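**Q** One structure, as structure tokens, below. Some questions next.
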Amino acid sequence: MLTGYIDGLGLVFQLGTLLAIAGGTFLGIIMGVLPGLTSAMAIALLLPVTFGMPPVMGIGMLLGTLCGAGASGSIPAILLNIPGTPSSVATTFDGFPMAQKGEAGRALGLAIVASFFGGVASMVVLSLLAPPIAEFALRFGAAEYFSLSIFGLVIIASVAGKSLLKGLIAGLIGFFCSTIGTDPIAGVDRFTFGQLSLLTGINLLPALIGLFAVSQVLKDAFEYDPSNKLQNSPHKVDIARPRFIETLRNWRALLVGIVSGSVVGPVPGAGGSIASLVAYDQARRFSKTPEKFGKGHGAGIVSVESANNALLGGALIPTLALGIPGEAATAVLLGGLMIQGVTPGPMLFESQSGIIYGIFLAYLVANFFMLIIMCLGIKLFVRVLLVPRKQLISAIIVFCFIGVYGVDGDVFNLYIMLAFGLLGYFLNRYGFGTAPVILGLILGPIAESNLRRGLQTFGGDWTPFFTRPISVTFLVIACGLLALTLWQNYRTRQQDAAPDAA
Amino acid sequence: MESGLSSLLSVSIDFETSHLFFPRIIHWIMAGLFVLILMTKVAPFMASVKRGERTLPIVGEARDNFRFIGTLVLIAAYFYFMAVVGDMFPYTGYGFLLVSMVFVLLMSLLYLHDWTKKALTIVVVNAIVAPSLAWFVLAKLFTITLP
């Protein structure tokens with residue numbers, strides 16, 4: 001482990017890598033500030049820039065983007081009451097009232113420092129938990145991997161869509177798309193319709209960029225309203241001074257945020273908005289002055305922002321240790337890792353330990369850059385909000401194009417991206433969610449090849465999938481979760497119906 | 001009895017159709033869920049459309065068709081012409097540069113509301129500068145292959 005860190009240090013502390021991380025963080029902050037541009041989209045758009053870089057440099061840049069976008073959603077949330085990213089929704093509860101009291105700088109200072117502490121703590125959690133989980137995963141056989149992929153899909157389906165049914169359908173669309181192309185066991189092509197480009201299956205990147213970036217552009221085009229212009233914030237902030245002492249004084253909220261983020265993070269599909277809302281709710285419960293929450297209370301901001309960034313490290317645990325992403329942004333990051341020739345999973349910790357520890361350190365460095373850049377550049381980031389939306393639409397499409405074309409120079413992938421963009425637009429519109437599709441696309445090949453390999457190994461007997469202890473644990477938890485979600489839906493429906501009856 | 005039980009507990013896959021084993025499972029589950037969603041969501045929705053309480057999605061909605069279809073057509077044309085123009089100047093990235101300039105210009109004009117001289121100037125300058133910058137950084141500095 002120590003040699004891994006020493007190798008990693010050598011990879012991270014090079015001028016090029018540090019510059020790449022700083023650049024990624026800066027661009028991530030800009031993307032996070034703009035409402036509607038999520039961190040998943042930010043990474044998807046930055047992917048092409050990393051193609052020519054060595055793995056740690058490229059992944060470091062993407063981690064910087066993730067870190068920056070995770071923290072900067074708080075800027076419009078505090079100044080304009082508009083969350084820049086879904087995970088900063090809860091920041092508006094206390095951030096905006098504080099800004100209205102004339103303390104916008106204080107709110108930003110607290111948010112930045114809380115994000116920093118959250119990020120650093122989650123890096124510690126990540127570096128402590130990921131290696132043992134990866135080691136444990138070395139015991140996994142075909143049955144376990146199959147059950148794990150079903151478990152991952154069920155979890156994301158139950159939280160990502162507006163209903164369990166819709167989430168499952170979205171996940172299965174992903175599973176279906178993953179079966180297009182050459183079959184992983186027998187090598188026969190399926191559903192390719194004679195298209196040569198489909199023989200290798202649907203590439204992850206066009207699907208990702210289509211679902212997360214193009215769908216957003218289409219939404220903007222579809223629901224375009226020229227009268228909808230963002231007003232400049234009335235709160236003048238030149239520089240946001242980091243508020244270390246005040247943040248530490250709210251240690252209870254900070255701890256609650258870090259724990260909520262770290263616990264929710266590794267759960268596939270849970271996402272930042274859930275982590276931050278859980279943190280806010282818990283911080284209020286643990287607080288001695290819960291009545292102050294929602295009226296510009298520092299602890300509210302600290303809990304939400306620390307949870308936001310603590311989530312990222314947590315989400316990286318299953319991504320790196322098992323190859324199963326925790327949420328949308330890490331799914332895109334997984335795509336980036338694969339393009340870099342780094343296959344996430346338990347073997348990664350054995351074969352490329354320098355890279356993995358380099359990634360941990362790069363994430364730590366990204367948090368420091370986030371702190372510095374956010375504090376110094378706050379004036380610029382507030383101005384970014386004023387860039388007209390229409391100018392962004394075409395620029396985003398140009399970047400999507402480069403991202404997809406840059407992988408292998410195949411024009412067919414561009415049409416795949418457009419098709420996924422349309423699919424993503426309609427899925428989002430009708431509450432199916434796009435994250436399950438991506439997870440289905442990633443987990444589909446794992447599920448299929450392990451199901452068939454398992455059946456071959458066990459001579460056609462499918463009972464080992466239900467009798468091997470680890471495998472059955474995953475399946476039981478998945479079934480339990482399905483039942484729990486159904487029960488919760490039933491309860492909500494009954495509660496909704498009760499007032500009508502009365 | 002015993003043979004009946006063991007045949008239930010095992011699966012035999014015909015090699016000829018083995019590649020369709022997993023997709024078939026997915027198709028059947030999807031078909032089941034599709035019927036479920038038809039019954040639980042679509043049927044009540046259509047009933048409320050009939051009663052006139054709600055309108056059909058897409059068809060019954062008011063929207064800016066010109067911009068929506070214009071955006072889709074422009075994006076598809078962008079991808080198509082990129083390859084065509086790119087073939088005229090292979091491996092230089094000029095196809096990307098030229099077609100992107102036209103694309104950004106047309107997209108910005110599509111979303112332009114006040115055709116003032118100032119707005120037009122910004123649109124034209126943006127259409128020239130943004131793709132050039134992207135082309136220089138990506139094709140030259142990061143040596144990414146562009147058409």
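Even glycines carry a Cβ here, placed using N, Cα and C.
Predicted, not measured: the structure shown is a model, and the values here were computed from it.
Feature table excerpt (TrEMBL):
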DOMAIN    A:18-439  domain 'DUF112'
TRANSMEM  A:20-47  transmembrane segment
TRANSMEM  A:107-130  transmembrane segment
TRANSMEM  A:142-161  transmembrane segment
TRANSMEM  A:167-186  transmembrane segment
TRANSMEM  A:198-218  transmembrane segment
TRANSMEM  A:253-280  transmembrane segment
TRANSMEM  A:355-381  transmembrane segment
TRANSMEM  A:393-418  transmembrane segment
TRANSMEM  A:430-447  transmembrane segment
TRANSMEM  A:467-487  transmembrane segment
**Q** Thinking of Cβ pairs under 8 Å, which stretch from A:198-218, A:253-280, A:355-381, A:430-447 has the most of them with the transmembrane segment (A:20-47)?
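**A** Most Cβ pairs under 8 Å with the transmembrane segment (A:20-47) come from A:355-381.
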**Q** Looking only at the recorded stretches A:167-186, A:355-381, A:430-447, which one has the largest tally of CB-CB distances under 8 Å to the transmembrane segment (A:253-280)?
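**A** Ranked by Cβ pairs under 8 Å, first place goes to A:430-447.
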**Q** Are there three or more C-beta pairs under 8 angstroms joining the transmembrane segment (A:430-447) and the transmembrane segment (A:142-161), sequence spacing 6 or more?
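**A** As far as Cβ distances go (cut-off 8 Å, pairs 6 or more apart), the transmembrane segment (A:142-161) and the transmembrane segment (A:430-447) touch.
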**Q** Where does the mean pLDDT land for the domain 'DUF112' (A:18-439)?
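**A** Computed over the domain 'DUF112' (A:18-439), the mean pLDDT is 85 on the 0 to 100 scale.
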